[in-house]
Amino acid sequence: MAERLPQASRQRRGKAMTAAAGSAGRAAVPLLLCALLVPGGAYVLDDSDGLGREFDGIGAVSGGGATSRLLVNYPEPYRSQILDYLFKPNFGASLHILKVEIGGDGQTTDGTEPSHMHYALDENYFRGYEWWLMKEAKKRNPNIILMGLPWSFPGWLGKGFNWPYVNLQLTAYYVMTWIVGAKHYHDLDIDYIGIWNERSFDINYIKVLRRMLNYQGLHRVKIIASDNLWEPISASMLLDTELLNVIDVIGAHYPGTRTVRDARLTKKKLWSSEDFSTLNNDVGAGCLGRILNQNYINGYMTATIAWNLVASYYEQLPYGRCGLMTAQEPWSGHYAVEPPIWVTAHTTQFTQPGWYYLKTVGHLEKGGSYVALTDGLGNLTIIVETMSHKHSRCIRPFLPYFNVSHQFATFLLKGSFSEIPELQVWYTRLGKPSKRFLFKQLDSLWLLDSGGAFTLELQEDELFTLTTLTSGGKGSCPPPPEPQPFPQVYDDDFDVDYPFFSEAPNFADQTGVFEYFTNIEDPGEHRFTLRQVLNQRPITWAADAYNTISVIGDYKWSNLTVRCDVYIETPEKGGVFIAGRVNKGGILIRSARGVFFWIFANGTYKVTGDLAGWIIYALGHVDVTAKRWYTLTLIIKGRFSSGTLNGKSVWKNIPVSFPKNGWAAIGTHSFEFAQFDNFHVEATS
């Protein structure tokens, strides 16, 4: 038996050496003469001198904002398949962390997300879709870490100022209620809470928040700050012992894999709490592959959180397709599992929060990097990346030039890893489609009599995971339906008695919040409507418009008819509009152009070429007042547009030369209550 074992291992090793790694045409093989190369050019992986920092996980952000907007109305089974690719262990991205926006009613990049407290005495823990998303994530991975962070805040917290720190107790109470509501209504335990995304922090507010959480028995909820730059939060912590004690994690955004001295001196956990935000093609995948390794190697960051989770918003909004995968067509069911999903899997499927990095991690001699992690129970995972400069540039920050070239890298396992007999091998190569492989399992490496040494041949833009874990898997589902444009004829009467989600499908709120509403005063045709529910400007994160607006449809629409029943609730000063060819959204919404047909409670109408109302095509008087329903129709064909009120012509053939195309939209003149019903759009080209 003893004689047959080495022979078997030699046969196994020979098989590994000669295999072409399946159809990949790549062999990751232990060299017979590895021992002769050690210690000269080898990268030693050793735990004899202890371990590095504790690994806290890889995650993604839903929100900041409205990035998962279109996901919720995907039909089954496609919606569940998308969620599986994101959260199901050993299937796809297998995320460890889900970070969500605490909706604050303001525009936060690609739309607004509703607050659980629009007004001071209002609490509703079923608005929006982040509650649902967290529950779906927990269903698939009960151990997933949940984080909440505000971008904007409802206006009442500011007491007339665009500032959340006017009353520290009140803002802390508001955030605390979100955490308590998550538990009470959804049985969700929030693990980490943030301060104010990429905006100023207030030292006293952070202390007040900690005290309030403790008072409510939420000692387990940790505070991460400040979701901006490493400074001035790090220096502030070093100068203030109480602040140092109440902050558990320093989170920085887009750190470029680097940290600063003050942050390291705090001895706190350091996270890249928002990163990536790059088009999800091969270059985006290369960006992610590089930073997942190098955030730790260069910057001691033990968690990296990608913005955003899934690109489920209209692609022409800012940062289109900057999610780990793309799901922006609920009307067709089409989605795309993009390369960043599989790059993420190289780390997430073979590690868990609570593992530890080895101290022996670093850069490869001819470009690229390697990290190794262990669970302390004998398991080892090694991730090697050789992403080139050209194919791994993130959207930010600037990436200084570096070179990566073909190389042989020999690794030597020492310490408790020296007796590991076998490593599973997973492989990705980005770049030309003909040479591209995404998360392919290769033949395993047999190390029994190689002295713990093996050599990899590395080309540019490759990713290897070598691991003792045998649980990895490349999940797959039947192909989703083919992509289709938004339906050319679309109707919504909003007649939903008990809506599962607070927002109507496909409407993407860009300023204000539009929610299903039950009109108990009108038992007839308009009992169920869509209502704009903000009566006060929120504490903004971006340049929200001064009007509310929700867009819908196909950005390529040019010739279209938009019809909607409208109801102004505010006497004298109130106003509503319908629009077509709306050409901007997200953080650019304030400068949106299009064709806007307005009516006002004071008996006037207006036609403008922009949302702000500066470009006036026509104006005049109509028989309109508040508290009555009217039917508005807007017709845009070629270079001309017309409008009717209750079927009667109000204006005809007004020239509109710009823009040539855009979304349909509804909205209000200011932050005011108004209702919409029987929405209809028909596009002819």
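Even glycines carry a Cβ here, placed using N, Cα and C.
What TrEMBL records for 1-42 is signal peptide. Under the heading domain 'Glycosyl hydrolase family 59 catalytic', TrEMBL lists 55-349. The active site, proton donor/acceptor annotation in TrEMBL covers Glu198. Taken from TrEMBL, the feature active site, nucleophile applies to Glu274. For 357-472, the entry in TrEMBL reads domain 'Glycosyl hydrolase family 59 central'. The domain 'Glycosyl hydrolase family 59 C-terminal lectin' annotation in TrEMBL covers 509-683.
When other Cβ atoms within 10 Å of the Cβ of Glu198 (active site, proton donor/acceptor) are tallied across all protein chains shown, the result is 15.
Summarising the environment of the residue listed as 'active site, nucleophile', the number of other Cβ atoms within 10 Å of its Cβ, over all protein chains shown, is 25. Taking the Cα atom of each, the residue listed as 'active site, nucleophile' and the residue listed as 'active site, proton donor/acceptor' are about 10 angstrom apart.
Residue counts for the domain 'Glycosyl hydrolase family 59 central' (357-472) under DSSP, split into helix (H, G, I), strand (E, B) and coil, are 6 helix, 53 strand, 57 coil. Model confidence over the domain 'Glycosyl hydrolase family 59 central' (357-472) is summarised by a mean pLDDT of 97.
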